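Trainee: Following this message is one structure expressed as structure tokens.
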Amino acid sequence: MTPPPAKRQKRNEYRKANTAVADDASEIRLPQKKFYRQRAHANPFSDHQLNYPLSPAHMDWSSHYPAFVDPEPSHTNLAGTRKLLKDVEVVDIGCGFGGLLIGLAPLLPESLIVGMEIRVSVLEYVTARIQALRSQQQKLRSSAIPSESSPAAQQPQQHHQQQLQATETAADAASPSSPDATGETLSLVPGNYQNISAIRSNTMKFFPNFFARHQLSKIFICFPDPHFKARKHKARIISETLNAEYAYALRPGGLLYTITDVEEYHHWVLRHFGEEGADAGQNAGVTELFERVSDEELEKDDCVRVMKEATEEGKKVTRNKGNKYVAVFRRKADPEWPA
């Protein structure tokens, strides 16, 4: 039997060793991206072996957000799995290596954020990265709480809660809103990365299977594959059909964020949201459901800053001194039915 290529074997050995270290819990290491290499793109029209729920009410989120699982065991969904205390409301479509998820986690600590990625190895990296960051935060929290053998541990429980809150407040003030380029954090951050996760999914096919009507408050589409060839435009993640699905899942007042370094793709986005160059009747439905957010509002939105600076593609564009084109659209209230 022919052995696997040397590079692939090395990657497999690294992942096994990394899993052993994680199980040991004596040392917490962040995963190395070089051991999770994969092709830059995946064909969304291929029949990938994907697991997806029958409906949003069948989706099992409990394994993704264990800190938010409803403590009442009888509260289960249609699939019989435990419900969460709150719904997922922020989605990063095509999350890549998870830079935006990591950046948004401390910025939106009370919101559950999920990344959707179709590539297997990339998803494995993001999952390992999130688990490592959670373990780091747990270790920092444990070191911040006095041990039971110390004199301080004999004080009332109320004092413990006040001390922990003071520690977290100081950490929040001292730490930046997002980690550095390596993803390492040396202090506690709001939410402790318990509010982020990633799933493997084909958004073009199964987006409505995961999210109910008006469930989402934010959707991010960061540096999507531009598919330059005209015959590939049907694979673009922004289209009339997909925009209708995004509008279905977004609640009124919710925001859809887009950013790209390709100017032609930026104009494609504007056309498909009825902002420029479209026929009056072509995108009539879209213009009834979305309106573009002004540049003045975007300057005050921290999510736009994170979207530009925290993603891996955004950092690469900055290094190459390229341009970043941002467009954000607000979901309007549903139009009234004609009498």
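Cβ atoms here come from the backbone N, Cα and C positions, even for glycine.
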Trainee: For the S-adenosyl-L-methionine site that Swiss-Prot gives with E117, I118, N202, T203, C222, T311, E312, E313, which of G94, G253, G254 also belongs there?
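Mentor: Answer, per Swiss-Prot (S-adenosyl-L-methionine site with E117, I118, N202, T203, C222, T311, E312, E313), from G94, G253, G254: G94.
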Trainee: Within a 10 Å radius of its Cβ, which of these binding-site residues (T203, T311) has the fewest neighbouring Cβ atoms?
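Mentor: Looking at the binding-site residues T203, T311, the Cβ with the fewest others within 10 Å is that of T203.
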Trainee: Just the number: how many Å between the Cα atoms of E313 (S-adenosyl-L-methionine binding site) and D225 (active site)?
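Mentor: One finds 11 Å between the Cα atoms of these residues.
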Trainee: With every protein chain in view, what's the tally of Cβ atoms within 10 Å of the Cβ of D225 (active site), excluding that atom itself?
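Mentor: Excluding its own Cβ, D225 (active site) sees 17 Cβ atoms within 10 Å.
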